[in-house]
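Visitor: The disulfide bond feature in TrEMBL is assigned to C39-C101, C113-C122, C221-C253. Taken from TrEMBL, the feature active site, proton donor applies to E83. Sequence annotations record features per position, and here TrEMBL assigns domain 'Glycoside hydrolase family 19 catalytic' to 166-176.
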Amino acid sequence: ILFFGSNGVEARRAPPSISYLISENLFNSIFLHKDDNACPARNFYNYTSFIQAAKCFPSFGNTGDIATRKREIAAFLAQISHETTGGWATAPDGPYAWGLCFKEEINPQSNYCDSTNTQWPCYPGKSYHGRGPIQLSWNYNYGPAGKAVGFDGLRNPEIVANNSLIAFKTGLWFWMTEQSPKPSCHDVMVGKYVPTEADLAANRTAGYGLVTNIINGGLECGIPNDARVNDRIGFFERYAQLFKVDTGPNLDCANQKPF
């Protein structure tokens, strides 16, 4: 956004905080139960940390028209809600009112160390299991996430479950960062995704379903009526309604090949 100072010199104004699109009241009405005693992450995922983290990624929620901006924020919050949900089918206020209930993977099956990755080598004794709102996993994600947002991801992965601001920053880093051949979730939601020939052949069409494919397509996409995909959609539909915006097309990835 450009403006001219009193001396006529062009200057660049920082993008506005997304707080004008998502107030603290709206945030709390989205995450009705995140601070319940039943949630291990209670009092961890606070509104202030979310807004502060978003300021480090100025394009997030600030790209396109108002509807596009709201839809992107709703989509991000929906995806992190699925990753951290404590909801169940008959839960109070419905299953989609229980996002951000967990901050760390329960009973991880491994330490998520890819020992073949020499660029981001695992540190002895450390586990790179899911932590934070996007459930950041694997050394090859912790390393670059830490470098981008300012912590030692390989030596101190635990901080993602101990520092609310850093936790939200890792989620937004994953959302905003293209990891070839995958586009960024951000580009998909704001209309900047340009499919390659391989994407067209794999039916990877733009929409919320493609974001699911980016996040966990290897396990969830190309499967008819997958319960995990439907859960992600359920959160998004509820949040889009609260933001008073439509969801857009292509909500699932049942007919998409994973990346």
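Heads up, residue numbers simply count up from 1 along the chain you see.
Just so you know, glycine gets a Cβ as well, placed from its N, Cα and C.
Describe the structural context of these features.
Guide: Within the same chain, residues at least six positions away from C39 (disulfide bond) with a Cβ under 8 Å of its Cβ are H33, G86, W98, L100, C101, F102.
Around the Cβ of E83 (active site, proton donor), 22 further Cβ atoms fall within 10 Å across all displayed protein chains.
Using a 10 Å radius centred on the Cβ of C113 (disulfide bond) and all shown protein chains, the other Cβ atoms total 20.
For the domain 'Glycoside hydrolase family 19 catalytic' (166-176), the residues of the chain that approach it from at least six positions outside its boundaries are 44-45, 49-50, 52-54, 56-57, 59-60, 76, 79-80, 103, 131-134, 136, 141, 145, 148-151, 159-160, 184-186, 215, judged by C-beta separation under 8 angstroms.
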Visitor: Compared by Cα position, which of the recorded positions E83, C221, C253 is the closest one to C113 (disulfide bond)?
Guide: E83
Visitor: Count the Cβ atoms, other than its own, that fall within 10 Å of the Cβ of C101 (disulfide bond), considering every protein chain shown.
Guide: 22
Visitor: So which one is it: of the disulfide-bonded residues C122, C221, C253, which has the fewest other Cβ atoms within 10 Å?
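Guide: Among the disulfide-bonded residues C122, C221, C253, the sparsest Cβ neighbourhood within 10 Å belongs to C122.
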Visitor: How big is the Cα-to-Cα gap, in Å, between C253 (disulfide bond) and C122 (disulfide bond)?
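Guide: About 32 Å separates the two Cα atoms.
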Visitor: Distance between C221 (disulfide bond) and C122 (disulfide bond) at the Cα atoms, whole Å?
Guide: 29
Visitor: What are the DSSP helix/strand/coil residue counts across the domain 'Glycoside hydrolase family 19 catalytic' (166-176)?
Guide: 11 helix, 0 strand, 0 coil
